[in-house]
Amino acid sequence: MKLTIAGDSHGKYMVAILEGLPSGIRVDEELIRRDLFRRRNCYGRGKRMKMEEDAFEIVSGLWKGITTGAPVTILIPNRAGNPVKDVRSVPRPGHIDYAAWVKYKLPDLNIYVERSSARWTVALTAAGSLLKSLLKEFGIEVLGFVTRLGNVEARDIPGDFEELKRRRDESVVFCPDPEATKEMVAEIDRAKEEGNTLGGKVKVIARGVPAGIGSYSDLFKKLDSKIGSLFFAIPAVKGVVIGSEEMWYGFDYLDEFELEDGKIKRKTNNLGGIEGGITNGEDVWVNVSVKPIPTTGKPLKSVDLRTMEPAKTPYVRSDVTAVPPASVVCEAALAVVISDALLEHLGDGNIDDLKRRFENENLPRWNDGFWKEHYR
């Protein structure tokens, strides 16, 4: 499977193209609408998100709502115009401005923002949301939520998946801890008043991923390699940890095996469902660190590249925090990575053929099948 994303932040469209999908997947367009709404409407967003509608259109690859096997193209119009009309020559610390100017040498810092802006994640969100219809065929669900925002950390995170999802959806910052949600809202209000921005952490879970997806032999097909590659492409993502972030002692960290009704299970899931680049049958857990947005309301020290004199950074329309929407984007990103690895494992064709391959795939027996079998 191949995902291509194109479009400028203030151009006519953002575009996502998915190639290599099987035919026969019934696409849930209402789910795509809901995910795009969640990305757009969360606490801490700026003025632009009030202008955008994200009214997507799927212009190829579907027939009567199901995939045909041809490339699926999603168009999302941009409604907001570019608020900066003048040439900008003062780079913002933490943004692409200076580094891109050094490499590409075009004399207007506005140019580089068009690609590096997080606006392109609307296309990633749409693509990942569409792929949830594929994952659903195999009983796989993906869920992202906020675990930290500024100095506020979630303390009461339910272990039950459905309860976690319900609480997440009730929170304006997508945090499943109601008390932490209130504190996060206050933290955002305080940062906005100060002209500051906030970073934080999000967690994404993929439930129902079978054992044996990924690779250990091809370093770049290892599932954790793919997760890191796509997640680090998301603007503001500065850290990706699969599984527990507490990994100091082996006795505490390593997930011991146990048998339960002929099935191999784990007592814990500190490894986050991946060992050596391959899924082990437990839920896949990804922890993501998101930096503060580099456009602050209070000017920072910089240099005017045109005059080479000290200068203050300009204010460009922006959010107070990218953390809540990042939980939606990272959820979509994990859906993309799992879908890609799953299709690599099961092959091409019609979705019913892939499901039969999946259902008929037995786990191996030791020593060419002469010993006891075990089950997924």
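Quick reminder: no glycine exception, Cβ is built from N, Cα and C everywhere.
What you are looking at is a predicted structure, and each value in this text was computed from that prediction instead of being measured.
As given in Swiss-Prot:
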- Arg39, Arg45: NADP(+) binding site (BINDING)
- Arg115, Ser116, Ser117, Gly276, Lys291, Pro292, Ile293, Pro294, Thr295, Arg317: FMN binding site (BINDING)
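Annotated features taken from Swiss-Prot, shown on the structure.
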residue: Arg39; record: NADP(+) binding site; contacts (Cβ under 8 Å, 6+ apart): Asp54, Thr121, Val122, Thr125, Pro325, Val328, Val329
residue: Arg45; record: NADP(+) binding site; contacts (Cβ under 8 Å, 6+ apart): Asp319, Val320, Pro325
residue: Arg115; record: FMN binding site; contacts (Cβ under 8 Å, 6+ apart): Asp8, Ser9
residue: Ser117; record: FMN binding site; contacts (Cβ under 8 Å, 6+ apart): Ser9, Pro235
residue: Lys291; record: FMN binding site; contacts (Cβ under 8 Å, 6+ apart): Gly94, Gly199, Ala236, Val237, Lys238
residue: Ile293; record: FMN binding site; contacts (Cβ under 8 Å, 6+ apart): Thr197, Leu198, Ala236, Ser318, Asp319, Val320, Thr321, Ala322
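A helical conformation is recorded for Arg39 (NADP(+) binding site) in the three-state DSSP classification.
Thr295 (FMN binding site): 19 other CB atoms within 10 A of its CB, across all protein chains. Taken residue by residue with DSSP, Arg115 (FMN binding site) is part of a helix.
Secondary structure at Ile293 (FMN binding site), taken from DSSP and collapsed to helix, strand or coil, is coil.
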